[in-house]
């Protein structure tokens, strides 16, 4: 990763003792939109997830620790269409691990970024192959995850079980309808892909999808909000 993570933090959480490196915290604060308290908190979360900095923060360990980010003011990302993509977005050097700088810089956009920065990050989430455009298949995949996360949240909220096959089939159908609608109105040159500006236009006019279950409703944003 090539990133200096500083000395091991000194914390008493869970019996672990980490020594906080205030110089590193200051550096992270100055290079992101976080204040000192927020940068320190995320510094601690990172070291908790990486076993005190002794183990690389890989995809599995990152996903297991998503709920810890709620204490930092982030929403429940493990129940969102972006949970699986967030690791890829933070891993900017594509070495299949997330270092401290990548971790906090990426979360800085999610927590404190401008609307434009969040839209750009959302575009990258949809652009699964990273070629700078979104295909109908990529758009449909992310829309399907949005529907699935909405229905899962409703199922938990209402204590009603949802058949997995029915959920997948319905979510796939709705995602295809939304993707077809987006490309029909935005892909005017018929090249089968959306640019960032075209995606932005759609996201601003259709900021969410709404899942319904026996009278209950759940809105799911289609971008980082």
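Glycine residues also receive a Cβ, built from the backbone N, Cα and C atoms like all the rest.
Feature list (source: Swiss-Prot):
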type	residues	note
BINDING	91, 93, 95, 97, 102	Ca(2+) 1 binding site
BINDING	127, 129, 131, 133, 138	Ca(2+) 2 binding site
BINDING	187, 189, 191, 193, 198	Ca(2+) 3 binding site
DOMAIN	78-113	domain 'EF-hand 1'
DOMAIN	174-209	domain 'EF-hand 3'
LIPID	2	N-myristoyl glycine
Distal contacts, the domain 'EF-hand 1' (78-113) - CB-CB under 8 A, six or more residues away: 1-3, 5-6, 24, 28, 31-34, 38-39, 42-43, 46, 53, 56-59, 62-63, 66-67, 69, 72, 121-122, 124-125, 128, 142-143, 145-146, 148-149, 152-153, 220, 222, 224
Pairwise Cα distance for residue 93 (Ca(2+) 1 binding site)/residue 129 (Ca(2+) 2 binding site) [Å, integer]: 15
Composition by DSSP (helix, strand, coil) of residues within the domain 'EF-hand 1' (78-113): 23 helix, 0 strand, 13 coil
For residue 131 (Ca(2+) 2 binding site): intrachain residues, at least 6 apart, with Cβ closer than 8 Å: none
Remaining residues near the recorded Ca(2+) 3 site, that is with C-beta within 8 Å of the centroid of the site residues 187, 189, 191, 193, 198: 133, 183, 186, 188, 190, 192, 194, 195
Residue 138 (Ca(2+) 2 binding site): secondary structure state under DSSP, collapsed to three categories: helix
Residues within 8 Å of the 127, 129, 131, 133, 138 Cβ centre (excluding the Ca(2+) 2 site residues themselves): 126, 128, 130, 132, 134, 135, 193
DSSP three-state assignment (helix, strand or coil) for residue 198 (Ca(2+) 3 binding site): helix
For the domain 'EF-hand 3' (174-209), the mean pLDDT of the predicted model: 91
Among 93, 97, 189, which are binding-site residues, the residue with the most C-beta atoms within 10 angstroms of its C-beta: 97
Minimum Cα separation from residue 138 (Ca(2+) 2 binding site), reported as the residue among binding-site residues 91, 95, 97, 193, 198 that achieves it: 193
Spatial separation of residue 193 (Ca(2+) 3 binding site) from residue 127 (Ca(2+) 2 binding site) - C-alpha basis, Å: 10
Residue 191 (Ca(2+) 3 binding site) to residue 102 (Ca(2+) 1 binding site) - Cα separation in whole Å: 34
